[in-house]
Amino acid sequence: MSSPANLFPGLNDITDVLEEFPLATSRYLTLLHEIDAKCVHSMPNLNERIDKFLKKDFNKDHQTQVRLLNNINKIYEELMPSLEEKMHVSSIMLDNLDRLTSRLELAYEVAIKNTEIPRGLRLGVDNHPAMHLHHELMEKIESKSNSKSSQALKSESRREAMAANRRQGEHYSASTHQQDDSKNDANYGGSRHESQDHTGNNTNSRKRANAANTNNADPETKKRKRRVATTAVSPSTISTATAVNNGRIGTSTASRGVSSVGNSNNSRISRPKTNDYGEPLYCYCNQVAYGEMVGCDGADCELEWFHLPCIGLETLPKGKWYCDDCKKKL
C-alpha cells in the first residue's frame, strides 16, 4: 500500500514548506533583535549629539564644533560593525525566503497537475452571487457584440446590393451609348453613298448631253467641244464632290470633338468612383469602405454609403436616413 507522501506529493511538499517558513523567519529575526540590543545605548546617544550639534551656533567657537564632530564620528565607528552584520543577516533571510517561495510555487503546480486539490475547493462554489452577476454581465456583453456584428452584416449586404445595381446601370448606359454611335455611323455612311450616287448621275447625264451635241457638229468642233467639256466638267465635278465629302466629314468630326469635350468636362466635374487599386469610393471623404457605414435611402444618391464619423453619428440610425444632397431634393 502506498504511503500518503506518495499519494499526494504536492500537498506534502506544501505542508513542509509552510512548516519551515516560521522556523526560518524566527531564527533570523532573533539574530536581528540581538544586533539591535548591542546598539540600544549607542543610538540614543548618537541622536542626542546630532541634535545638539545642529542647534548650537559655531560662528566663533570652532574648536567646540570640531570636538562634537569627532564624538559623533566615534559613535558611528562603534555602530558600523553592528549595522553591517544586520545587513548581512537581512540578506541571508531574504534569500532563504525566496527559496522557500519558489519551492512552494513548484509544489502547488505539482498538486494542480495531479488534481490533488478538488476544483470546487480550489475555485470555490459556483452559486455565489458575485459569480451570477459576472455571468450576467458577460451575457450582456456577448449579446451586444452579436447585435453589432449583425448590423454590420446587414450594412455590408446592403452596400454590396447597391454596388451591384450601380454596376448594372453603368453597363446599360455604356451599351446604349455604343448603339447610338453605331446608328450615327450607319446614317453617315448611307448619306455619303447617296451623295456619291447623285454626283455620278449628274456626271453621266452631262456626258450623254455632250455626246449628243457633238454628234451633230463637225469633227473639229466635236474635238474642241470634247476637250472643253472634259476640262470644264471634270474639275468642277471633282471639286464639288470633294467639297461635299469634306463638309460632311468636317461636320461629323466637329460633332465628335464637341462630344469629346463635353465628356472631358463631365469627367472633370464628376467625382472618381474608384481609387488606383480599383476599389469603390464612398462618403463625403471620398474614401473606401471601412468600419460601420450607413446607406442613404435616396433613390438617386451619388455617394450611396457614408462613414459614421463623417456624418457625426456614433451608432447606426433607426429607420430611413438621407444625406444632405438627398434632403435638398425631397
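From the backbone N, Cα and C atoms, a Cβ is placed for every residue, glycine too.
What Swiss-Prot annotates here:
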- 139-272: region 'Disordered' (REGION)
- 231-254: compositional bias 'Polar residues' (COMPBIAS)
- 255-269: compositional bias 'Low complexity' (COMPBIAS)
- 280-329: zinc finger (ZN_FING)
- Y282: site 'Histone H3K4me3 binding' (SITE)
- C283, C285, H307, C310: Zn(2+) 1 binding site (BINDING)
- M293: site 'Histone H3K4me3 binding' (SITE)
- C296, C301, C323, C326: Zn(2+) 2 binding site (BINDING)
- D297: site 'Histone H3K4me3 binding' (SITE)
- W305: site 'Histone H3K4me3 binding' (SITE)
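Model confidence over the zinc finger (280-329) stands at 88, taken as the mean pLDDT rounded to a whole number. Comparing C310 (Zn(2+) 1 binding site) with C323 (Zn(2+) 2 binding site), their Cα atoms are 11 Å apart once rounded.
Here C285 (Zn(2+) 1 binding site) is positioned 17 angstrom away from C326 (Zn(2+) 2 binding site), judged by their C-alpha atoms. Considering only the binding-site residues C283, C285, C296, the residues lying within 10 A of W305 (site 'Histone H3K4me3 binding') on a C-alpha to C-alpha basis are C283, C296.
Across the range of the zinc finger (280-329), the DSSP-based residue counts are 9 helix, 9 strand, 32 coil.
Geometry remark: H307 (Zn(2+) 1 binding site) versus C323 (Zn(2+) 2 binding site), CA distance 11 Å.
Here the Cβ of Y282 (site 'Histone H3K4me3 binding') has 24 other Cβ atoms within 10 Å, regardless of which shown protein chain they belong to. Sitting within 8 Å of the Cβ centre of C283, C285, H307, C310, and not among those site residues for Zn(2+) 1, are the Cβ atoms of Y282, Y284, Q287, F306, P309, I311. Between C283 (Zn(2+) 1 binding site) and C296 (Zn(2+) 2 binding site), the C-alpha separation comes to 10 Å. The highest number of surrounding Cβ atoms within 10 Å, among the binding-site residues C285, C296, C301, C310, C326, is found at C296.
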